[in-house]
Amino acid sequence: MRTPTGRRLTVGAALLAAAATTLAVTTTAGAFGDTPTHASAHGAVKNVILLIGDGMGDSEITLARDYTVGAAGRLSMDRLPFTGAYTTYAVHADGTPDYVTDSAASGTGWATGHKTVNGRIAKTPDTDKAVPTLLELAQRNGLATGSVTTAELTDATPAVLASHVTDRSCQGPADMAACPADTITAGGPGSIAEQSVNHKVDVLLGGGRQRFEQPVTAGPYRGGTVTDQARKLGYQVVTDSAGLAGVDAGKPVLGLFAAGNVPVEWTGKAAAVGGTAPQRCTTRNPNRPAGTPSLADSATKAIELLTAKQKHSGKGFFLQVEGASIDKQDHAADPCGQIGETVAFDRAVQVARAYAAKHPDTLVVTTADHGHSSQIVPVEAAPPGLSSTLVTDEGQQLKVSYGTNTPGKSQEHTGTQVRIAAQGPHGDRVLGVTDQTDLFTTIRTALALR
Ligand SMILES: [Zn+2]
């Protein structure tokens, strides 16, 4: 086996290796305090932390690596011991492949093991029937559950775990135009926001306050907002870091840190036709309010709350952590915004790895839901579309091109395979080339979910 630093060890040194891994991350693992335990390669998995970099294809990872730690450096996500690739295609209603997925179909793939049509949330492509999700199975098996994102909590990736709707646009009670059969009036389960709190997910942290402030229009919670509904269901609702720090670990938590998406970490000039002057990114977004938790802060708190909830049950947890705005800044052809979000995601990966180092019965998986537009091209290239030249931390020029749509339009996802990497027992199941739907089976098998 290999440690994350690449030293080769004999099988007999497995315990030493586990100890070395623990030592290597001691500085960041301190927050979780417990003594380490040891698990074999296919031993029982108690906890799963799944981290999704939305739109984080190989070029997005390479761009963040080149800019920050340098071409020869390694990000946290590069240090997971098992790395493979997986395919992400969606399907048409008749089951034929749709080669470029969106986050809804993609999320439905990994969350349910079923491929579906673009835009659909945890329902079948043809009959539009709900299919069980990893989070629902985890709850049924007594695990604590959490979902953390930098997008709205009603956006596609968190939505595929805790709701089932015909179309991803049906985020709040006032957004149901594309989901007539899902409305409470029609006997359906309601919007993504309503379903998410009805699911009693233990920890929900992200943006999207605007969806939860919409009035509920039918059913037992009519007359209040979705936030009121959440409170009636026992949720503590918080809106900033101070509120999050003060929550009671005994009750579910709904953290709504922005009206829409959580503001990005970094800013800079967007890519332009003919390129930009060489630029350095601003690593502190002046429009990001003080008191907005970072993705790593939210992941740390989520792990703390989930472990506290399970303190007496002996059972584990399933946590999903999404770096959502890698995708959104890629759509906007904003390389600095995109890199800053990838770096923020990588810090959350470090939090997960630090926890797993102290709790080796934890499986950590990092992957993306689909590839995206940005490509690193030669500095002397003259791309016909949008491009920007960056000056990296190691002082070199790097040119990034966004050419998947006409300048002025949203840049598009790509249909490429993406990286999937893992650490912990059952982590070797990501090796080779697998499909997104196989991740559902990997996590279901690892947690022995029935
Ligand atoms: Zn997207």
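Quick reminder: no glycine exception, Cβ is built from N, Cα and C everywhere.
Please treat TrEMBL annotations as automatic predictions, because they have not gone through curation.
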Residue in Glu265, Glu304, Glu322 which TrEMBL records at the Mg(2+) site where Asp54, Asp155, Thr157 also bind: Glu322
Cβ neighbour count within 10 Å of Asp54 (Mg(2+) binding site): 29
Of Asp155, Thr157, Cys170, Glu322, Asp327, His370, recorded positions neighbouring ligand 1, Cβ under 6 A: Asp327
Inter-residue C-alpha distance, Thr157 (Mg(2+) binding site) and Cys179 (disulfide bond) (nearest angstrom): 18
Densest Cβ neighbourhood among Cys170, Cys179 (disulfide-bonded residues), 10 Å radius: Cys170
Coarse DSSP state, helix versus strand versus coil, of Cys179 (disulfide bond): coil
Nearest recorded site to Cys170 (disulfide bond) by CA-CA distance, among binding-site residues Asp155, Glu322, Asp369, His370: Asp155
